[in-house]
Amino acid sequence: MAPPGHLLFLFLLPVAASQTNEGSCSGCGPLSLPLLAGLVAADAVMSLLIVGVVFVCMRLHSRPAQEDGRVYINMPGRG
């Protein structure tokens, strides 16, 4: 469950968003198409990298132990 501080932040976020003016972004310009394409491509590469690392880590983690052939009395399915 989320800590109470996070819930308070979520409740106050719309209030803070309503306090900002539409033109309050000084010096902000439109993003160029190559920059936007680069950001999307970088996001896709990072997402695939994270998925790959998680897949490799879970695959290594799920390998059975070398002593998996032992018989355990109180563990059904292992004997």
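We count from 1, first residue shown onward.
Placed from the backbone N, Cα and C atoms, the Cβ positions cover glycine too.
Swiss-Prot lists region 'PIK3R1 binding site' for one of the ranges 40-43, 44-47, 52-55, 72-75, namely 72-75. Sequence-distant contacts of the transmembrane segment (36-56) (same chain, six or more residues past either end, CB-CB distance under 8 Å): none.
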